[in-house]
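Copied from TrEMBL, the annotated features are:
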- 6-390: domain 'FMN hydroxy acid dehydrogenase' (DOMAIN)
- PRO85, CYS86, GLY87, GLN135, THR163, LYS262, SER284, ASP317, GLY318, GLY319, VAL320, ARG321, GLY340, ARG341: FMN binding site (BINDING)
- TYR137, HIS286, ARG289: glyoxylate binding site (BINDING)
- HIS286: active site, proton acceptor (ACT_SITE)
- 389-419: region 'Disordered' (REGION)
Amino acid sequence: MTRWGWALRRASSVDDLRALARRRLPQVVFDSIDGGAGDETTLRANRSAFEAVMLRPRQANPPASIDTSIELFGDRLLSPILLAPCGSTRVVYPDGERVVAREAARAGVGYVVPHLGGTASEDVAAVSDGVLWYQVYKYGGRDVLEPALKRAWDAGFRVLVVTIDNTRALLERDVRNGLDVLLDHDWIEGAPYLPQMLARPGWVLRFLSEGGRRAVPNARLPDGRSMNASDIATLGKQSTSYFNWDDFGWLREAWPGSIVVKGVLTAADAELAVTCGAQGIIVSNHGGRGLDGVAPSLRALPEIVDAVGDAAVVMLDGGVRRGTDVLKALALGARAVLIGRPYLYGLASGPAGVARLLTLLQEDLTRSLAGLGCASLDELGSDFVQSPAEWRMPRQPKSDSAVRLAEPSPEGLQRRARI
């Protein structure tokens, strides 16, 4: 067994896998997945929110067996964990999306395939017999997105995740590490940043074995060319590259399956999402990579669960690192959770790293559910947790904006016709 294999075998937490990833990846790559926006206030708050919630077990009630499975949009998952869409997957490890899809299927968890990832949706679907969802941004507009939706549907995807949060944020670690320069392959300006790459020769060889920088095959421009990093950077500065509520009219027409809205942090937006036809909501602040200073996802969760009731399936991402975190989110009303950074930390060690991460989470989830005195996730409720008093907010009346959106305005219909 190699020293890396031994270290992976001894890893007992996400923090251990994070430490391994730091040793295996160039600083620019590690910081790109590890960092957040601005002062990283929200990034840290996502974790501290879980630490602020206490568990309240039922003692002298040992369950005879443990069932952590759930049903989600008609599919049975062995765990209430899904792997979130991460566009940097293939930079972390060659053929990253397919590696992640295979390991997710083996573990019985879902995987949300990224629209701006490095592997075509059809190719990911071809290697997995597990639960796959497809996530989209609006970069390039309707002309780019509609063909991608058709391809994903034809490949067998049935749940669409629409990311609505505005991610135009400054990731200061990326600036300090020269990520934009390295992505542009400007080797003269990028010379000061090259030593950090060469310090990880194993990663460099793996990255170059795939041809280095790759285009985004799921997002094809009208001229037939796949988007690249420069296209995404340019389009990301345009307001038309971000969804608005009027877009859900044509999205519902283009996608026959279920629609999940990702990036919701308020009851008002949750109500709008349901009004616009969403069957699911992911409470998310983009892992602290969007607007810095917004509420941690876990703190926003109760407000949104209270607002939508049974009208939509509510899920959460941001800050989940342990099985106990999963249970806290579910006790506060989430049906499932998504993780991003944890599986990328594992992926730095290849397929075995992703498998190790999923095993650790499942074992901790099973052990902790038994510790609460529950035989299944259906037994969880708010009485199993104690959250800070300031988190409890009175129910707000349905927002005027949600009521107005029940019938599209003439201006909205005109905008929709122009798209």
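For all residues, glycine too, the Cβ spot is worked out from N, Cα and C.
Overlay of TrEMBL feature records on the structure.
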residue: PRO85; record: FMN binding site; contacts (Cβ under 8 Å, 6+ apart): VAL112, VAL113, PRO114, HIS115, GLY117, GLN135, VAL161, THR163, GLY340
residue: GLY87; record: FMN binding site; contacts (Cβ under 8 Å, 6+ apart): PRO114, LEU116, GLY117, GLY118, VAL216
residue: TYR137; record: glyoxylate binding site; contacts (Cβ under 8 Å, 6+ apart): HIS115, LEU116, THR163, SER241
residue: SER284; record: FMN binding site; contacts (Cβ under 8 Å, 6+ apart): ASP165, LYS262, GLY263, VAL264, LEU265, SER297, LEU316, ASP317, GLY318, LEU338
residue: HIS286; record: glyoxylate binding site; contacts (Cβ under 8 Å, 6+ apart): THR163, ASP165, THR167, GLY263, GLY318
residue: ARG289; record: glyoxylate binding site; contacts (Cβ under 8 Å, 6+ apart): GLY35, GLY36, ALA37, LEU43, THR167, ALA169, LEU171
residue: VAL320; record: FMN binding site; contacts (Cβ under 8 Å, 6+ apart): PHE50, ILE81, VAL326, ALA329, VAL337, LEU338, ILE339, PRO342
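THR163 (FMN binding site) has a Cβ environment of 25 other Cβ atoms inside 10 Å.
For GLY340 (FMN binding site), the count of additional Cβ atoms within 10 Å of its Cβ stands at 22 [all protein chains shown]. In the three-state DSSP classification, HIS286 (glyoxylate binding site) falls within a helix. On the 0 to 100 pLDDT scale, the model's mean across the domain 'FMN hydroxy acid dehydrogenase' (6-390) is 95. Within 10 Å of the C-beta of GLY318 (FMN binding site) there are 33 other C-beta atoms, taking all protein chains into account.
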